[in-house]
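Inspection log for the structure reproduced underneath, given as structure tokens.
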Amino acid sequence: MEFSTQQTPFLSFNREQWAELRKSVPLKLTEQDLKPLLGFNEDLSLDEVSTIYLPLTRLINYYIDENLHRQTVLHRFLGRNNAKTPYIISIAGSVAVGKSTSARILQSLLSHWPTERKVDLITTDGFLYPLNKLKQDNLLQKKGFPVSYDTPKLIRFLADVKSGKSNVTAPIYSHLTYDIIPDKFDVVDKPDILILEGLNVLQTGNNKTDQTFVSDFVDFSIYVDAEEKLLKEWYIKRFLKFRESAFNDPNSYFKHYASLSKEEAIATASKIWDEINGLNLNQNILPTRERANLILKKGHNHQVELIKLRK
């Protein structure tokens with residue numbers, strides 16, 4: 001098999017080249033298993049899972065085995081058998097690119113691996129500041145930007161998980177109310193693998209050498225990519241679907257959008273993209289792409305067309 005060997009830190013594969021790397025890994029997901037894993041606006045097929053995610057699962061398992069071997073060597077050197085360290089995978093990318101779907105599919109595939117590893121999934125949405133604080137600090141228009149997250153709290157969470165603590169809690173975010181759910185938590189209890197999904201999980205500081213970042217705790221990082229034109233198109237399409245469903249819920253923070261005409265809804269979604277999501281993409285998210293260990297570049301119909309793997 002041939003792949004790109006240009007002077008770049010990445011190896012590049014098209015779909016066919018990448019699919020060959022699946023080897024004999026069986027697909028244990030069925031169409032019925034796949035449906036609950038899909039995002040609101042995605043129609044991802046089992047073929048996509050076989051072509052893209054099975055080879056990726058195989059690769060990640062090799063990395064995890066190597067990581068466990070390294071831990072064994074360290075324990076032998078130190079003369080003590082410390083608690084097993086969870087392997088942390090981060091998934092970054094823009095709003096509407098399909099990060100959550102990728103995360104759920106990976107969680108399912110890695111959980112069904114013959115080694116029966118325990119795989120937990122947490123999104124960084126739970127570490128957004130509460131809505132009242134964002135309003136108070138005049139940050140509502142910056143929601144999703146790095147400044148809108150309680151990063152120290154997220155760092156403490158990751159440090160506790162990485163150190164092998166039991167029953168580490170993470171806040172839960174509601175997309176319906178657009179806010180943190182009071183007194184509700186996800187519990188992470190010594191997983192073999194933790195998948196962390198969020199917009200800004202690849203970020204580092206600007207020459208701040210004494211600061212700890214989310215990326216410091218990550219063993220393998222994935223960036224889900226697509227051209228901005230497609231991202232905006234997918235965002236508007238998703239907005240229109242929400243207008244006909246979730247926005248009609250009386251508890252929805254966005255219920256005022258339910259009465260918009262289709263033309264008004266498209267204009268509103270386009271404005272939100274240009275002023276918030278697109279801005280965040282170009283200022284904060286896209287600049288972190290090249291730090292990833294793996295880049296999945298999507299084309300039309302949410303299909304991955306190009307895979308870039310760090311050498």
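Any Cβ shown, glycine's included, is placed from N, Cα and C.
What Swiss-Prot records for Gly93, Ser94, Val95, Ala96, Val97, Gly98, Lys99, Ser100 is ATP binding site.
Shown here: features listed in Swiss-Prot, placed on the structure.
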residue: Gly93; record: ATP binding site; Cβ contacts under 8 Å, 6 or more apart: Lys99, Leu199, Tyr223, Val224, Asp225, Ile285
residue: Ser94; record: ATP binding site; Cβ contacts under 8 Å, 6 or more apart: Leu199, Val224, Ala226, Glu228, Leu231, Asn277, Leu281, Ile285, Leu286
residue: Val95; record: ATP binding site; Cβ contacts under 8 Å, 6 or more apart: Gly144, Leu199, Leu231, Tyr235, Asn277, Asn280, Leu281
residue: Val97; record: ATP binding site; Cβ contacts under 8 Å, 6 or more apart: Val224, Asp225, Ala226, Leu231, Trp234, Lys298
Please list, in sequence order, every residue of the chain apart from Gly93, Ser94, Val95, Ala96, Val97, Gly98, Lys99, Ser100 whose Cβ lies within 8 Å of the Cβ centroid of the ATP site. Val224, Leu231
Work out the three-state DSSP category of Lys99 (ATP binding site). helix
Within 10 Å of the Cβ of Ser100 (ATP binding site), how many other Cβ atoms can be counted across all chains shown? 21
Where does Ser94 (ATP binding site) sit in DSSP terms: helix, strand, or coil? coil
Just counting, how many other CB atoms are there within 10 A of the CB of Ala96 (ATP binding site)? 25
